[in-house]
Each structure stands twice: as C-alpha cells, then as structure tokens.
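Written out below as structure tokens is the structure these notes cover.
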C-alpha cells in the first residue's frame, strides 16, 4: 500500500467520524443559540456561538460537506453583523434572518449526507520507486564537459538525470520516452542565441498534457533572454556558472521531491478531526507532523519539537492564533519561524490582524491539499535554508573572531579611514611604537615617519592603496622615543559599493632584528672580503649562505657553486679524517662552535690543509641562526711540520715532547733506541712508565727525578748531562713548549756524547731555539673616517698592539705611535698611496708594545669613495703574523745550526709534529 493510499484511508475514517459527530455538533449550536436573546445578546454569548459556527464552516468544507459549510459561513456572517450593529431595528431584522439560517443549516445537517460522496484525497507525492533513481530529469546541453559535470551533481543528489546533447535529441526523447519531472536546458544553441526558449515554446504548444517544469541555465544575463525564457513557460532562469546548491533547491521545489530529512511541522487546532485530517495531508507528502489541540501548551511543545513551520487555527478557546503568534515573536528564538494561519475566517480585518501579529501566510479552510502542501513545504524549505545560512554565518563569524584574536596576538594591526587617519590600533602596535591609543587615534601614520625613505616610496604606497590594490613592502618607522624599527607591511583597502576605499587595514610584522642582522652581515661580508682567509656563513642546518673571495681563492669554488649546499658535499675526499668529521658534526648538532685542522679538496680535486675556527651565530634572544667559519690555508705549515718530523726522525738525537700533565706528545725512533724502550712503552700516553724505565738505567736516578719535578713546575730551560749505568753519557736539553705565551708542556732532546767525551772535551751542544708560531692568526678590523679623522677598531686591535682589550684609545695618532719607528714611514706611504692612487693597502710592519716587545703585523685594506671619487674612509684588517715571521727566522737559525754541526736538532709541537 502506498503512502497516498494509507493517507486516503485515514481521511475516509476521519470523514466518517465527522459525519457521525455531526448531530452532536448541531445540537451544541442549537443549544447555544437557544440560550441567546437575539434582540439583546451579550458579547460572550455571541462569541461562543460564533466559535461553534466557525468550527463547522471549516470542518464541513474539509470533509466535503460543502453545502453545509457554505450555510454555516452565511450564518456566521449574520452573527458578525449582529455583533457589530447597535441599531435596534437592524438587530431585529438580523435576528430573524439568523433564526431562519440556523433552521436551514440544521435541515442540511439532518439530510443524512452521503458517507461515500467524493471527499478530500491525499496528494500524489513524487517518491523514488524501489530499485530506481528518481525523479527523472532531462539535461539539454551541447557542451559535453559542462553536461557531464551537471550530471554528476544531479546523480549525487539522488536524481536520475539524462544528458541530451542537442535540441534534436531532446525532441526525440520527449516523443519516445516517459516525461521527466523537470527539464534543465541551455538558452544558446547553434540554431540561435534564443534557440532553447523557442524550442521549449514549440514543444509546449505541441504537447496536449501537463508540460514538465523548465529551468534555463545560460551565460546570457540580458533582459531579452530572460523574457524569452519566461514567455516560453520557464519556471526559473539561472546564470552560469550556477550554484549547485541553488539549482538542487529549486529542483526539489518544482519536483515536490520529499527532502532527505522530513520537514518538521507543528499544527495547533482545537478541532481534533480537522486537525488530524490536515496533518494526514502533510504526512502523506512526507512531512513529520506533530499536532496539538490545547494552544496553551504550544510554547512548551515548541522547545521539545523544534518545528520548522507552525500552522495555527485562528479562533481557539482561551487563546487565539494571533495572540499565540504575538507571544512567540517576543521570543528571539522564534523570530524567523514561519507561522501559517489555517482558518475559515474570511474577514480581511481579522486576516490582516493575524499577519500583523506575526503570521507569514493565511490559508482559508477548506484548503486544497496540494496548495496546503505547497505553502507549508515552501515555508519549511526557506526556514531550513535560512537556518543553514545562519549557522554558516555564525560559524564564519566565530572563525573570523578566532582569526582576529590570533592576528592580534601575532601581528601589528592598525585601521585607517579613507583619509588615512588612524581609527584602530592593537596592543602590539602601541607596544612597538611607544604611543598609547589616545595619542594615535585620529592621527595620520606620518606620525611614525622615520625619514629613512624617499617621499617617492610613500607616494607609490598611497597611489597603490587608493586605486584599490594591496601594497606590500618593508618600512622603517620611528618610535615615540626617537629610535627606529623596521616592519614588513601589508596594507589592504576595503572598498564600498562604488569600488572606492572607505578604510585601510594594515598588518605588520616586526623585522627589526632581521634588518640588524642583515646590516651586520653586510658589514662583516665587506670586512671578510678583504681578508686572505676564507669565510663561510651557513644556516642552522649547515647549508652555505655566503662565502668570501678568500674562500674561492683557497678552494676554487665560488658562491654560486656552494650556495645551499653543505661544504662537505664538495670539499671532502679520501684523505679527510673521519674522526675529525664526526667531532665537527657532533658540535654542529649541539649548536656549538669548533676548531679543527682538516684536509679539503679544491675544485680541481687537489688536497689542501685547512684550519677552521667555527662559531655559532645567535640572535639577541640566544636562538641559533647559523654558523660562521674562518678558514686558513695551512698546507705549507703542515708540509713544514711533516718535513720537520722527518728531520727529527733522521737526527741522531732522541726527541721527546710532553704536555703539562705529563702526557707524551711525540718521541722519535732515536729516543726509543737510546733508552731501550719496548713497543708497549712507546705506545703509552703517560710518562710514568717511561720515567720508571729510565730510573733503572741511570747512575743517579734520584737526582734525575728531582730535576724532572722541578722542570715540570718551571718555565726555565735546562741543559745538563745524564750518566747511565752502562757508561753512556747523554747531553739533555729541556725547554718549555708555549702556546699563546703560556707554557703547555716541555720538549726534551737527548744527545749521546759518550764518544765525544771520551775522544775530546765535549763541545757545548748546540741549542735549539726554534719556537713554533701561533696555530691561529689573530685578526682585528678597523675603519678610519678620512674626513673627520676618527678611527674605529674592534676589540682585538688593542691586544695586537700590546694593550689589554679596550685600553688603547682609538685614534690614527695612537696607531702611528705604536708602529715601529723603522716602519712608520713605510706605513704612512702605503696609506697615502692607497688614498691617492688606489694602490692596494697590503703591508707587513712591526709594532712596539708598551713593554718594549716588538711584533709583526699584516695589514690589508681599501678606500671607500663618494660618487665623485673623493676618499671618504678606509676599512681594513690587521693580522698578527709575528709567530709566522719568527718561525721563519727560527727555521733559518735551525738550518744554519743543522748545517754547521754534525749533530741533529729537532723541535716538536704539542701535537707531536
């Protein structure tokens, strides 16, 4: 049994019940009329009779007793005239007519109405049949891509669409197949720009039955196209691209498709039979209907049922429909609730009152079922759509509120009116600018102008935003205290209906620190580009961001070669020590610096030794930003060390080097042989086992140990003789090993002079005075303002001139005073040549420290000039090369001694080379 059949059964039973109750209703009307003196009735008496007549008018018509309904309505009107007149003569005439009408109405009610006479029937509602998709839709579209896309949307929504690729296919389908529930058709076809409308008009004229509703989809927005569509009988005209939601909503309406979720309806009427009859009609249409006979319980039921439409009778006992509507409208929850009055009331004043007190529609009983369903479903659909839209807006507002909150917590925000005057600033704006809101509101952003930008920047900015476009850029502003800060700005205009800006929203991010780092890096890069050392700057992951020319000179790789890559990807090779690499990687992972000597390879795959000092780069909060490494090519130094080690191995002297803790750093083969050392002893890192072994061979072991203890605590050199039990005599020489002026161990040399002492008086052994230069060159930077004479230098300059850091006053006079008198004129000439002739400033000279110490320095620099070539300043670097100079001199001395004596002399550093 279908839904319609079930509904019709219910309606038939309700009709039988009504007819069965009709004598009782007529008796109640007659009894109420008999209690009234029609020549002088009271208001309450007439109101009670009016309610009974009004009820009969609607219920009789609803159940098909139209003659009785019409007679009840005429009687009701006579009663209304009687209530509204005060003329006694007219009252008497109306009373007589009313008495006759009551008798006729009673006669009609007693005439035994046919229980099987045609009555109201449930409407037919389109429902998908089992096993099929429904309803059927024709989609007439010659653009296959658009057609397929539309088909997908309709199928997903539960329709059964069929794509017809032209007007001919559409015409054939209309004659051969079942009619669709609706037709969706384009306006423009190859046959003409209005061909779609013309074809629909012709099909409609040729078709004798009910033609399906038509929805036009077209890119045309002109009046002619719309008129052609509606004159052809179209239900709707939509512009492409069409909203899928809107199209589906319209199709649901015109096909009367049951919504996926039934509409919720609450019906309130004091007459139970008519209430159930009307509810059955709506339920047959697929709606979820709740009924209520007691109107006083409406507010309570509203909270429980949450209806999408409320259907009210007009006249009800204790509280009328309009009164109930007015009460509901007082509650903001029900401001948008559709309220439909369903009543037999014909008085336009009463209907107007119902609508003015909150009603949205007024339907007259008896109502045609299809019309009732259409009006209620239409109201429910709009209510559901409005609720969805309100929910969407509320969600959107919530999202915007959260976004606004997040933005205020992160960014510097201000809003200005169309004239550029500030109307809003957030807390971060006040924090960074130093102004309070009262000092900013109503003012122009020129209040923050720093003077660091040309006027053209601000003109370009204003022209951009006035034209309605968004402006992006970096701006330097000035705080209230006069200090500067940088921001990255985005200024977006808000446009009115005419397309003109009515306000500007500015969102800024503080980039002051990034700018400071950028400027410092630029300065450092300029300095670093002047040094012969290689300089590498990387990010936190160790990827190269910048290298100087010194790096390119050493390795052969340019910045373009290295950019974005880790140095080891190109520089490391087979001879690169993996243990050193592991130590370097561990330091970088910890965010720490390191010092290391490493074998790298040039771009020609040639190995070279590099000495690296790497330091982390951190911001003012201590966060790691990257690393900077200064690299020195120590290939020659390493080669010299290897040659020296080879020389020490070839000498006839025994050589031993130990650090301050007694750890053995180096011993040559001759030493091991002179002392008869076993391999385990030679491999030991501590000197304890070595001393114990030596004690067993010495003639005076206690004296030997006393001198060793004294020497370990002393910085003095020692030359003495050691006698062994086997008769050999060694000439022992001991001197401290120094690094950065500090003693870090001792160097021992043992020369077997046994044969010489026996042959002749032993000549005084040559003494080795070769001292190793520093492992790392100290570098200082300076900048001399030629115009003002001011000289600026880094903290490392003072120690290079023999002063504690910060003690040497920065001036050109002090600089020249520290230069060795014999080198001073050469320095002055080199500076002059650089300034006057752009000659390279590259000079080695001596300085005299306050304590009389003379040290060698290397200076390199360049002149900065203005646009006309006038010298403005010099910038340069100073490097301590004293140890290198002295190492060369010591090597020369060593070689002279070595060439002049038959004995060998050797020196080792703290690392055993």
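Even glycines carry a Cβ here, placed using N, Cα and C.
Across the range of the domain 'HPt' (7-112), the DSSP-based residue counts are 90 helix, 0 strand, 16 coil. The annotation domain 'HPt' is assigned in TrEMBL to 7-112.
Remark: residue 54 (phosphohistidine) has 76, 314, 315, 343, 344, 345 as non-local neighbours, by Cβ distance under 8 Å and separation of at least 6 in sequence. What TrEMBL lists as phosphohistidine is 54.
Per TrEMBL, coiled coil is recorded for 65-92. Long-range contacts of the coiled coil (65-92) within its own chain (CB-CB distance under 8 A, at least 6 residues past either end) are made by residues 19, 38-39, 41, 43, 46, 49-50, 53-54, 56-58, 98, 101-102, 104-105, 108-109, 113, 344, 346-347, 366.
What TrEMBL records for 111-131 is region 'Disordered'.
The average pLDDT for the domain 'Response regulatory' (136-255) in the predicted structure is 88. Under the heading domain 'Response regulatory', TrEMBL lists 136-255 (among others).
Long-range C-beta contacts of residue 186 (4-aspartylphosphate), restricted to its own chain and to partners at least six residues apart, with a cutoff below 8 Å, comprise 140, 141, 142, 143, 196, 216, 217, 218. Annotation comment: TrEMBL describes 186 (among others) as 4-aspartylphosphate.
The feature domain 'Response regulatory' is assigned by TrEMBL to 264-380 (among others).
Same-chain residues at least 6 positions away in sequence with a Cβ under 8 Å from that of residue 313 (4-aspartylphosphate) are, in sequence order, 268, 269, 270, 271, 321, 341, 342, 343. Residues or ranges marked as 4-aspartylphosphate in TrEMBL: 313 (among others).
The annotation domain 'PAS' is assigned in TrEMBL to 413-456 (among others).
Under the heading domain 'PAC', TrEMBL lists 471-523 (among others).
If you look up TrEMBL, you'll see 520-591 (among others) marked as domain 'PAS'.
When DSSP labels each residue, the domain 'PAC' (592-646) comes out as 12 helix, 30 strand, 13 coil, counted as helix, strand and coil in that order. For 592-646 (among others), the entry in TrEMBL reads domain 'PAC'.
Per TrEMBL, the feature domain 'PAS' maps to 791-838 (among others).
Taking DSSP states H, G and I as helix and E and B as strand, the domain 'PAC' (841-893) has 12 helix, 30 strand, 11 coil. Per TrEMBL, domain 'PAC' is recorded for 841-893 (among others).
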## Note on the structure
Among 136-255, 264-380, 841-893, the stretch with the most Cβ pairs under 8 Å to the domain 'PAS' (520-591) is 841-893
### Query
Which one, 136-255, 264-380, 841-893, has the most C-beta pairs under 8 Å toward the domain 'HPt' (7-112)?
264-380
### Query
DSSP three-state call for residue 313 (4-aspartylphosphate): helix, strand or coil?
coil
